[in-house]
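Below you'll find the structure, written out as C-alpha cells, and then a few comments.
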Amino acid sequence: MKFFALFIYRPVATILLSVAITLCGILGFRMLPVAPLPQVDFPVIIVSASLPGASPETMASSVATPLERSLGRIAGVSEMTSSSSLGSTRIILQFDFDRDINGAARDVQAAINAAQSLLPSGMPSRPTYRKANPSDAPIMILTLTSDTYSQGELYDFASTQLAPTISQIDGVGDVDVGGSSLPAVRVGLNPQALFNQGVSLDDVRTAVSNANVRKPQGALEDGTHRWQIQTNDELKTAAEYQPLIIHYNNGGAVRLGDVATVTDSVQDVRNAGMTNAKPAILLMIRKLPEANIIQTVDSIRAKLPELQETIPAAIDLQIAQDRSPTIRASLEEVEQTLIISVALVILVVFLFLRSGRATIIPAVSVPVSLIGTFAAMYLCGFSLNNLSLMALTIATGFVVDDAIVVLENIARHLEAGMKPLQAALQGTREVGFTVLSMSLSLVAVFLPLLLMGGLPGRLLREFAVTLSVAIGISLLVSLTLTPMMCGWMLKASKPREQKRLRGFGRMLVALQQGYGKSLKWVLNHTRLVGVVLLGTIALNIWLYISIPKTFFPEQDTGVLMGGIQADQSISFQAMRGKLQDFMKIIRDDPAVDNVTGFTGGSRVNSGMMFITLKPRDERSETAQQIIDRLRVKLAKEPGANLFLMAVQDIRVGGRQSNASYQYTLLSDDLAALREWEPKIRKKLATLPELADVNSDQQDNGAEMNLVYDRDTMARLGIDVQAANSLLNNAFGQRQISTIYQPMNQYKVVMEVDPRYTQDISALEKMFVINNEGKAIPLSYFAKWQPANAPLSVNHQGLSAASTISFNLPTGKSLSDASAAIDRAMTQLGVPSTVRGSFAGTAQVFQETMNSQVILIIAAIATVYIVLGILYESYVHPLTILSTLPSAGVGALLALELFNAPFSLIALIGIMLLIGIVKKNAIMMVDFALEAQRHGNLTPQEAIFQACLLRFRPIMMTTLAALFGALPLVLSGGDGSELRQPLGITIVGGLVMSQLLTLYTTPVVYLFFDRLRLRFSRKPKQTVTE
C-alpha cells in the first residue's frame, strides 16, 4: 500500500517519470530502422567457378566435387547445394543463424585455397565467392538503355563503373549484371578458307595469342638519362587484328582477315536482356543477409545522381524495380491500424464509464506505455516492421486492460461516495495483485516463444519481446500514473447521478441483470456446462487436425518473379524469341506496371523475369489472382513454360527455383535418380493440390557424341589432345588472348563463324593438321551421332540431387500439398536408394508443424506455473485456464470461416488468446477468493457475486481487446495478408470465449472447490491459501 501511496501523493514525480518514459520512447522511435519483417535471413555464400566449354558432367566431377569436399568441412554449414552447367559451377552454402557471415567468408576463402591444387589447370580464373542469397528477389533492379551505344558497351559501363560503386554501398551484398557480356574481339573462322590455306585452328590461336603480348621491356640508360622501352606489342581492336599474318602458304602471307571475320563484339553472344520491349542491361541488386532493406535502398537512391554523372548522357539509367514502396506502404497501413486501435479502445472506456475525465486517463496511459516501448525496441536492436507494429497494435488492448481494471475499480468506489484520493488508494490496493497476475501470466505465455530456435523462433522473438515490454511498461503505468490521475482528476459521484442511466449505461445494467439471471440457471445445471466444456476440448482437437495449415501467409508485395523453362534442345535465338513473347503477354496485362527479363549464359533454355505490379489502390486483384489469370494465357505458348510466383519477404534456403516450394530427391546412385525423378515429377503434376510442378533436373539436352577411332588416329599422326583442342577452338567460344585497358580487361574470343555451324554438317568441315603438316578431316578418324546429355548436374552435400518445385493452387494450403506428396511417394513405391525430403520454406513448415502443439502446451504449462506461484494453489490456475478451450474453438472456426489457413501468424494469435481470455477468469477468481476470505460467503455465493461485480470490467477489457484487434481484420491495402490472420484469430477467440467463459468459469471454480473439500483433511477450511 505504501508503494501505491508514494505515487498517488506525489503527482509531480509521477508525471515526470511518465514524461521521461515518453521522451525515451520518442528518441528510440526516431532511431529505429524500418524493415518489412524482423531480420531472419540465413547467412548464405555463393562460390562460383568457370571453365569455358566444359560439359556439365565435367564441371561437376572436376570442379564442383573437389570444392564441395573442401567446403563441406567448414563449421556451421547447414546446407550445401551445387549446380554445374555448361562451363560453370555454382555452390551455395547456407550457414546456421548464429554464424557470422564475415567469419564464414574467411573460412570459405581458405577452403577454396585448399582445393586449388585439385582443380583443372585450364580454368581462366580462380573460384570466387559472394555474400548474397541467389534465391532472394533483388531489392532493386536498374536498367541501362541507349539508342547510341551497343549492348556490349552498356554492359561495360554497368560492370566496370556502376556495379563496383554500388557494391561499396552499405548493405549491398551482390550486384549481378545481366543482359549481355563484356566487349570482346571475336574471331569467326571460315573452315573452308582455313583448309584451302592449310592453316589449323591451333595455328590461328597461337598466332593471335603471340601477337598480343603485354610483357615488361625494361629500360635503357646512360650517365645522364634513362629511357623506358615501350613497344606496339598489343592489339586493341578488330581492325588491328584483321591484317595479322598467321601463316605463309607457298611464300604468300595468310592474314587473319583472309580466313576469318574479325569484329568488335561481346564475349558471349548468347545473352539477352530486356525492359518492357526494349533491349537493356540489368543491374540486379541484392542485399547482405544482415542488411536493412529500406536503408540500403535509400542509400542506392541517394547515389544514383552521382552514378548518372559517371556515364555518358546518351545512356538512360532507370529504376525498373524497387521493393521499398510496398514495404513503406505496408508499414503505413500498420501505423494507421495502430492509431485506429488506440482510438477504439479509448472509445470503449468512454462508453462504459460515461465520463470525459475518466476517459482522459487511459487516453494518456495507453500512449505512454506504447511510446515507451520504442526505447526498449531500440536497445534490443529491433526494427519498425510489420510484426513489431502488429505487436503494438495488439498491445493497445492489453495495456488499456490494466488501466481499465484499476480505473473501473476506483470509479466504483467513487460511485459509492468515497473521496478521490482515498478511492484511488483503496481501489488500486484491491486490484494491484489482479493486475500483477494478469500481466505476469500474459508475459509468461511468450517465454516458450523466446526459447524457440530456428527461423520461427527468430521471427517471433521480436514480436514477443515487443509485446512483453509494452505489458511491463503498462503494468508500471497502471499502478503509478493511472491511480495518481484518478485521485487528482476524478470527482466523487453523487447518488442522484448514479440513478440517471441513459443509453449505453442503461443497456449495460440490463445486460448485467440478464447475465445474473442466466448465471443462476447455469449454476443449477452444472453438468450441462461440464459437457459443453468437454465438447469444446474435443472440438479444438478436431479443428486443429482438420484445418489447412501453411508456414506464412502468402503476401502481395506487388512484385512477381518468373522462371522460363524451355525445351532442353532449344537454341539461343529461339529462346530469345520465347522471352520476347512472354514479356509481351505480361506487359499487355492491365495490372502490370513494368517487366524486365533476361536469358542466356550457361543455361540457354532458361530465363528470368521480374514483374512490378501497379500499386494496390490501382488494381482490384491480388497478386495470386493476377498469376492465375496470366497462367491461362501463358500456357498457350508452345515449347516453353513461364512459372510465376509472388515475391515474399521470407524465402528460406539458397536454391533458385521456378516456384515457391521445393521437394528434393537425393541419391548416391545417379542412374536411379534419373530413372525415378521423371516418374515422381509426372505423378506430382497430376495432383490437384499442386500447381506449376517443374524440376531442375535437365538430362535430356541434345548432344552430338563423337567417337574417336584411336587406331586410325595413331596411324594418321593425330592425338586426342589435338582433336579436343580442335573442337574447343571451333565451338567453345574459346578465350585466346587478353586485351588490357585502363578500366578493365577484355578477351579475344575465337570460334567457327556461326554462319558455318547452323547444322551438323559443320563437323564435316573440321580438320586437324597432323605431325606431317597434312590437313586431316575430322570425319577420317571420328564418327558422331545424336544423343542426350544433361544440361546441368546438381548436388546436395556430396549426393546427386534433383529438386522438384511447385506452387499452391488457389484454395489449397501447404499442408494439403505436403500430405499429397507423401501419399504419392508411398503409392509410387520409390526405392530406398532415392530419398525425398522437403526443402527451403516447405522444410521449415514441416519442422514448425512438429513443434506447434508442443509450443502451445509449453505456453499453457508456463502460465500454470506462474499462476500457481502467485496463488499458492494447484487448483485455481486450472480454473483460470479452463477459459482456453472456448477461445481455441472460436479462433479456429473464424479461420475456417474466412478460408484462412493456420499459419505462424495464426499461431501467434492462439498464444495471445492464452494470455487474453484468462484475464476474465483471474478477475472472477480474485474477487471470489477475497469474498470467501473476508466476506464469509459460501463458494457459490462468492463466485456469483464476483461474476456480477466484475461483469463491467470483464466486458470493458474484452471489448477493448476486441476493438484493438478489429482493425487488423478489417484492414486492407499493402500487408493486410499478414495482419488479417492475427486479427481473425483474436476476434474469433474473444467472441466465443466471452460467450462461454462467463458461465464455464464459475462452474469450474465450484467443481474444483468441491473436489478440494473432498480430498481436504480439513473439510471446514473454505479457501486454499
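From the backbone N, Cα and C atoms, a Cβ is placed for every residue, glycine too.
Across the residues of the topological domain 'Cytoplasmic' (1-6), the predicted structure has a mean pLDDT of 71. What Swiss-Prot records for 1-6 (among others) is topological domain 'Cytoplasmic', and it gives sequence analysis as the kind of evidence.
The topological domain 'Periplasmic' annotation in Swiss-Prot covers 30-335 (among others) and rests on sequence analysis.
When the topological domain 'Cytoplasmic' (354-359) is classified with DSSP, helix, strand and coil residues number 4 helix, 0 strand, 2 coil. Residues annotated as topological domain 'Cytoplasmic' in Swiss-Prot: 354-359 (among others).
According to Swiss-Prot, the topological domain 'Periplasmic' annotation covers 380-388 (among others), on the basis of sequence analysis. Within the chain carrying the topological domain 'Periplasmic' (380-388), a Cβ under 8 angstroms from the stretch's Cβ atoms is held by residues 29, 32-39, 292, 330-331, 334, 459-460, 462-463, 465-466, 975, 978-979, all 6 or more beyond its ends.
Under the heading topological domain 'Cytoplasmic', Swiss-Prot lists 412-430 (among others), citing sequence analysis as support.
Per Swiss-Prot, topological domain 'Periplasmic' is recorded for 454-467 (among others), and the stated evidence type is sequence analysis. For the topological domain 'Periplasmic' (454-467), the residues of the chain that approach it from at least six positions outside its boundaries are 37-40, 42, 97, 373, 376-377, 380, 382-383, 385, 387-388, 390-392, 394-395, 398, 446, 650, 652, 844, 847-848, 851, 904, 908, 912, judged by C-beta separation under 8 angstroms.
What Swiss-Prot records for 491-852 (among others) is topological domain 'Cytoplasmic'.
Residues of the same chain lying 6 or more positions beyond the ends of the topological domain 'Periplasmic' (876-894) and with a Cβ under 8 Å from any Cβ of it are 441, 533, 536-537, 539-540, 543-544, 547, 860, 863-864, 867-868, 902, 906, 909-910, 913-914, 916-918, 920-922, 925, 929, 984-993, 995-997, 1000-1001, 1004-1005, 1008, 1024. The topological domain 'Periplasmic' annotation in Swiss-Prot covers 876-894 (among others).
Residues or ranges marked as topological domain 'Cytoplasmic' in Swiss-Prot (evidence: sequence analysis): 918-947 (among others). Here the topological domain 'Cytoplasmic' (918-947) has Cβ contacts under 8 Å with residues 401, 405, 430-431, 433-434, 437-438, 441-442, 515-516, 519-520, 523, 863, 871, 876, 879-884, 953-954, 957-958, 993-994, 997-998, 1001-1002, 1005-1006, 1009, 1022-1023 of the same chain, all six or more residues outside its ends.
The feature topological domain 'Periplasmic' is assigned by Swiss-Prot to 971-984 (among others). Shown for the topological domain 'Periplasmic' (971-984): DSSP residue counts in helix, strand and coil, namely 9 helix, 0 strand, 5 coil.
Per Swiss-Prot, topological domain 'Cytoplasmic' is recorded for 1008-1025 (among others), and the stated evidence type is sequence analysis.
Here Swiss-Prot flags 7-29 (among others) as transmembrane segment.
Non-local neighbours of the transmembrane segment (336-353) in the same chain are 359, 362-363, 366-367, 370, 389, 392-393, 396-397, 400, 403-404, 407-408, 411, 504, 508, 952, 955-956, 959-960, 963-968, 971, 979; each lies 6+ residues outside the stretch with a CB under 8 Å from one of its CB atoms. What Swiss-Prot lists as transmembrane segment is 336-353 (among others).
What Swiss-Prot lists as transmembrane segment is 360-379 (among others).
According to Swiss-Prot, the feature transmembrane segment maps to 389-411 (among others), an assignment based on sequence analysis. Nonlocal intrachain contacts for the transmembrane segment (389-411), taken as residues 6+ away from its ends with a CB within less than 8 angstroms of a stretch CB, comprise 331, 334-335, 337-338, 341-342, 345-346, 348-349, 352-353, 355, 358, 361-362, 365-366, 369-370, 373, 423-424, 427-428, 430-431, 434-435, 438-439, 442, 462-464, 466-467, 470-471, 473-475, 477-479, 482-483, 486-487, 490, 912, 915-916, 919, 923, 952-953, 956-957, 960-965, 967-968, 978-979, 982, 986.
The transmembrane segment annotation in Swiss-Prot covers 431-453 (among others) and rests on sequence analysis.
The stretches the transmembrane segment (7-29) and the transmembrane segment (895-917) are not in mutual contact, being linked by fewer than three Cβ pairs under 8 Å (pairs 6 or more apart in sequence). Here the transmembrane segment (468-490) has long-range neighbours at 3-4, 7-8, 10-11, 14-15, 17-18, 21, 355, 357-358, 360-362, 364-365, 368-370, 372-373, 376-377, 391-392, 395, 398-399, 402-403, 405-407, 410-411, 414, 420-421, 423-425, 427-428, 432, 435-436, 439, 442-443, 446, meaning same-chain residues at least 6 beyond its ends whose C-beta is under 8 angstroms from one of its own. When each of 431-453, 853-875, 985-1007 is checked for Cβ pairs under 8 Å to the transmembrane segment (895-917), 985-1007 comes out on top. Across the range of the topological domain 'Cytoplasmic' (412-430), the DSSP-based residue counts are 15 helix, 0 strand, 4 coil. Residues 1, 4-5, 8-9, 406, 479, 483-484, 486-493, 495, 498, 930 of the same chain, all 6+ positions outside the topological domain 'Cytoplasmic' (412-430), place their C-beta atoms under 8 angstroms from a C-beta of that stretch. Within the chain, the topological domain 'Periplasmic' (971-984) has long-range Cβ neighbours (under 8 A, six or more residues past its boundaries) at 326, 329-334, 336-337, 386-387, 390, 394, 553-556, 558, 616-617, 891, 894-895, 898, 900, 903, 905-906, 908-909, 912, 965.
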